[in-house]
Amino acid sequence: MKFEKLGQSGRARRGRLTLEHGVVETPVFMPVGTYGTVKGMLPRDIEDIQAQIILGNTFHLYLRPGLEVIKQHGGLHDFIKWNKPILTDSGGFQVFSLGAMRKIKEEGVTFRSPIDGSKVFLSPEISMEIQHVLNSDIVMIFDECTPYPATHEEAQKSLQLSLRWAKRCKTHHHDELKNKNALFGIIQGGMYEDLRDESLNGLLEIGFDGYAIGGLSVGEPKEEMIKVLDYLPNKMPHDKPRYLMGVGKPEDIVEAVRRGVDMFDCVMPTRNARNGHYFVTDGLVRIRNSKYRHDQGPLDPHCDCYTCKNFTRAYLFHLEKCGEMLASMLGTIHNLRYYQRLTEGMRDALDNGTFDEFVQDFYARRGLEVPPCPVDE
């Protein structure tokens, strides 16, 4: 993996990632393909919205269809017919979302499969082996996602376990498996700045190809999230990619880019599309509202996606009211293209030296003031 920083405005960065299966321009949004598919999308649809990289889920693919099936296809790329880069999460977040269904020990985590109730064991080494079979361009370490809320003691105990697991991930990935694909560390520590520092410094000692911010978008108030983003990205290595995991409101992505983050993923655009909530240049359209019944305009006149070029809001309203599958498909195409256009717009603005104007326009269209942002030291 190679990362180049091509430009900067304040703390916002313009970069380029070169991976085994292609080049990724940053800032970038990665559509989530949990089970080896982005819900409601054909592979050619994902190409059409100009996604550069997608995310796969180690936990779910390990349980179903299982490694043997994917191994027979030579990896996840051929299995799902996607020839561009793939990032896979380690399965840690999903395991720790199981609550009482899992038991954490130093060796790893034992849990009951949500599919059939069978007992499953997942460890740092097993996670690395799964992602090696998947042949992910970017592999994420296996860690414990610190819950919210957590006391200082709980968050510290959790991050220290994650650091021990991080070292095991690095050893197995590089030394045992000889995997040449990128391995990213994940910074934990809850909402505590001293613990975030401890986690980051521990990961830097081990050494990774990129660094992710974990443990956000887990129920904390937005003010808490912004507080972490105010100080943490700027402490992360300036020559490595920075990835904010699972944070996905458009405003949150813009604010994170302003603070120096490069990579994003979230289920929000696909999940919201299935509920008739569509992101547009001026904010949000809730298409089930009766005011759209006779609306002859496109969903977003500024959008170049298949949905906006071909269909009216009235038609989308009709599909939603009828419960037609096509409503979710067209909405997903639009929402994911919106997210690609958002990050494209930020990349162009960073290239052209107009990033501040981009941010001002983004908020002005929503009738909002530009929030304060730390200036570069």
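Any Cβ shown, glycine's included, is placed from N, Cα and C.
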Additional site residue, Q52, Q72, Q160, Q188 [criterion: listed by Swiss-Prot with D89, S90, G91, G92, F93, D143, G215 for substrate]: Q188
Range among 218-224, 246-252 that Swiss-Prot annotates as region 'RNA binding': 246-252
Among H238, H277, H318, H334 - the residue Swiss-Prot places in the same Zn(2+) site as C303, C305, C308: H334
Among ranges 10-14, 195-199, 270-274, whichever one Swiss-Prot labels region 'RNA binding': 270-274
Which listed residue (S90, Q188) has most other Cβ within 10 Å, given these are binding-site residues: Q188
Any further residue of that chain within 8 Å (Cβ to the Cβ centroid of D89, S90, G91, G92, F93, D143, Q188, G215) of the recorded substrate site: F96, M140, I141, F142, E144, C145, I186, G214, M245
Proximal but sequence-remote residues of the same chain as D89 (active site, proton acceptor) (Cβ under 8 Å, at least 6 apart): L55, G56, N57, T58, F59, M140, M245
Rounded distance in angstrom between the Cα atoms of C305 (Zn(2+) binding site) and G215 (substrate binding site): 33
Same-chain residues at least 6 beyond the ends of the region 'RNA binding' (246-252) whose Cβ lies under 8 Å from its Cβ atoms: 93, 216-218, 222, 225, 264-269, 279, 338-339, 342
Residues within 8 Å of the C303, C305, C308, H334 Cβ centre (excluding the Zn(2+) site residues themselves): P298, L299, D300, D304, Y306, T307, K309, I333, R337, Y338
